[in-house]
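In what follows, a single structure is set out as structure tokens and then discussed.
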Amino acid sequence: MAPSGPSSARRRCRRCLYWIPVLFISIIVCWSYYAYVIQLCIVTMENIGEKVLCMIAYHFCVLLFAWSYWKTIFTLPMNPSKEYHLSYSDKEVLEREPRGESQQDVLRRLAKDLPVYTRTMSGAIRYCDRCQLVKPDRCHHCSVCDKCILKMDHHCPWVNNCVGFSNYKFFLLFLAYSLLYCLFIVATDLQYFIKFWTNGLPDTQAKFHIMFLFFAAAMFSVSLSSLFGYHCWLVCKNRSTLEAFRAPVFRHGTDKNGFSLGFGKNLRQVFGDEKKYWLLPVFTSLGDGCSFPTCLVNQDPEQAPSPTGTSAPTKSIENHPFPAKPLRESQSHLLTDPHPWNENNGRNEKRNVGMSNPALTIENET
Ligand SMILES: [Zn+2]
Ligand SMILES: [Zn+2]
């Protein structure tokens, strides 16, 4: 169906507006470059050694920051591969089937050969009727991108991109290097900031740049450190932001730690096996983004292992031998939020399978 003129113009206009937060950050970074390099280092600093050291260290920080920011913005999110999409004949069958259980039978047959272990709250196969595909584990439909995104974390307005499997490492490095950038400015600007208030600076426009630079860097440091800390915790637990709000549902129930393989393996899943690439924004994440090793049993370290090692249905891709124990209901009260992401839940799921369901909300960042 060809898009109509006015609606496609509206869409283009909306796409332009989405770039405003990126433009805002870029302007602030450009100004901070001018304020730090020209006004602080060149105009204000008198000690030549301090000047050179600050310039070298500053350019190192700003380069890593800009590189990781660029990669987060311009790395396309990955979408499910062809085998998850319904064939033309499958779509026809699905449309012919009456809604409800028989449609699920069709989807179950289609998903039989796919490494799909997560289900909806009602136990149904996760199906996206916008993209007409069986959703791989950890994949969610983003309403802004209007696509299913592999291991979707959230749609981030500050990078105007979906943060998911393809760029999650870049996003983490972007947070880390922007925090480093701000902390470096705070540390080296502090003595001049104090001089500003004690009238120790010459009366030029440089002193105002120095003051505002300190305020801006300190303010961003606070918000970035909390966001970065939260994402470090998510990496350790092997959860996406969406999964932190609603635990993934497996065939036998919800399990917030369903994808956690232990600290070391969780870290390597995002950063890769080779430590020399960990701090560089180059893609080294493990896996294909469609399937993830799982442990069916709850791996919560706070919970003592169950002594009863009966047969747990094994569905681990890596076949981790875990002691069996009953799954624990691990949803938090936050999960009662009706629209944390585009997942039909409860009885609505069956009713809505095969129907267009664009109504969804996206986890927004502060
Ligand atoms: Zn979709
Ligand atoms: Zn998105």
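Every residue, even glycine, has its Cβ placed from backbone N, Cα and C.
Here the structure is a predicted model, which means the values were calculated and not measured.
Residues or ranges marked as transmembrane segment by TrEMBL: 16-36 (among others). Counting only same-chain residues 6+ beyond the ends of the transmembrane segment (16-36), those with a CB under 8 A from a CB of the stretch are 58, 62, 65-66, 69, 73, 144, 157-160, 185, 189, 209-210, 212-213, 216-217.
Taken from TrEMBL, the feature transmembrane segment applies to 48-70 (among others).
The residues of the domain 'Palmitoyltransferase DHHC' (125-245), classed with DSSP into helix (H, G, I), strand (E, B) and coil, number 67 helix, 17 strand, 37 coil. What TrEMBL lists as domain 'Palmitoyltransferase DHHC' is 125-245.
Taking Cβ pairs closer than 8 Å, the transmembrane segment (170-188) reaches residues 32, 36, 40, 54, 57-58, 61-62, 64-65, 68-69, 71-72, 75, 153, 156, 159, 163, 213-214, 217-218, 220-221, 224-225, 227-228, 231-232, 235, 270, 279-281, 283 in its own chain, all 6 or more past its ends. What TrEMBL records for 170-188 (among others) is transmembrane segment.
What TrEMBL lists as transmembrane segment is 208-230 (among others). Within the chain, the transmembrane segment (208-230) has long-range Cβ neighbours (under 8 A, six or more residues past its boundaries) at 28, 32, 34-36, 39-40, 44, 172, 175-176, 178-179, 181-183, 185-186, 189-190, 192-193, 196, 201, 365-366.
Taken from TrEMBL, the feature region 'Disordered' applies to 301-366.
Among the features that TrEMBL reports, compositional bias 'Polar residues' is placed at 301-316.
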Intrachain neighbours beyond the transmembrane segment (48-70), with Cβ under 8 angstroms and 6 or more residues off its ends: 25, 29, 33, 36-37, 40-42, 159, 170, 173-174, 176-178, 180-181, 184-185, 188, 281
Averaged pLDDT, computed only over the residues in the domain 'Palmitoyltransferase DHHC' (125-245): 95
